[in-house]
Amino acid sequence: MKYLITGLGNIGEEYRNTRHNIGFTVLDALAKASNLVFTDGRYGATATLSLKGRQLILLKPSTYMNLSGNAVRYWMQKENIPLENVLIVVDDLALPFGTLRLKGKGSDAGHNGLKHIAATLGTQDYARLRFGIGNDFPRGGQIDFVLGHFTDEDLKTMDERVATACDIIKSFCLAGISITMNQYNKK
């Protein structure tokens, strides 16, 4: 069985390790733990993780955030992956830093990457793992905040939160969304 795990982010060194790129950060950690290397391909860089008979296609789109749907649709079609086996890892301003929430569907919550994925796929009924980045910014400072780097305080627990996000991804693929939500959403 195949799964498409897409981490949202923007390409380019200037965006590396920014809050908006937490999706890339999580997938990098998942790949590194299994000694996988991403290979550049159409619409993004991919790595394939084998996990107990399942194939997880890890995708970091090269389309920029607000065109992420093109990459998701292409890889779903190329790998013949059904919508229920798609998981998007995304930053979330509405959640305190490090809070992780798995959802089976929902609104885009103003996130342009999710908005484009929903428009491209014609539905909002796809799973997403929201990684809280907090919202400690002044009025009108949202763009600078999401494109900024994590604070020293955030970095103290970053590795542990990213590791938990990786565990959630694996559980999503092995145990399913309901069990995974019940296990992790209360933490």
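Glycine is treated like the rest: Cβ placed from N, Cα and C.
Copied over from Swiss-Prot:
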type	residues	note
SITE	Asn10	site 'Discriminates between blocked and unblocked aminoacyl-tRNA'
BINDING	Tyr15, Tyr64, Asn66, Asn112	tRNA binding site
ACT_SITE	His20	active site, proton acceptor
SITE	Asp91	site 'Stabilizes the basic form of H active site to accept a proton'
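Same-chain residues that are not part of Tyr15, Tyr64, Asn66, Asn112 yet have a Cβ within 8 Å of the Cβ center of the tRNA site turn out to be Asn10, His20, Thr63, Met65, Leu67, Ser68, Gly113. When the C-alpha distances from Asn10 (site 'Discriminates between blocked and unblocked aminoacyl-tRNA') to the recorded positions His20, Tyr64, Asn66, Asn112 are tabulated, the minimum falls on Tyr64. The tRNA site in the record is lined by Tyr15, Tyr64, Asn66, Asn112, and its two most distant CA atoms lie 16 Å apart.
Listed in sequence order, the residues of the same chain lying 6 or more apart from Tyr15 (tRNA binding site) and placing their CB within less than 8 Å of its CB are Gly9, Asn21, Leu147.
For Asn66 (tRNA binding site), the count of additional Cβ atoms within 10 Å of its Cβ stands at 12 [all protein chains shown]. Note: the CA-CA distance between Asn112 (tRNA binding site) and Asp91 (site 'Stabilizes the basic form of H active site to accept a proton') rounds to 11 Å. Cβ environment of the residue listed as 'active site, proton acceptor': Leu8, Gly9, Asn10, Met65, Asp91, Ile133, Val146, Leu147 lie under 8 Å away, each six or more residues apart in the same chain. For the recorded positions shown (Asn10, Asn112), fewest C-beta neighbours within 10 angstroms: Asn112.
In the three-state DSSP scheme, Tyr15 (tRNA binding site) falls into the helix class.
In sequence order, Asn10, Ile11 are the residues of the chain that are 6 or more apart from Tyr64 (tRNA binding site) and have a CB within less than 8 Å of its CB.
In this structure, Asn66 (tRNA binding site) is part of a helix by DSSP.
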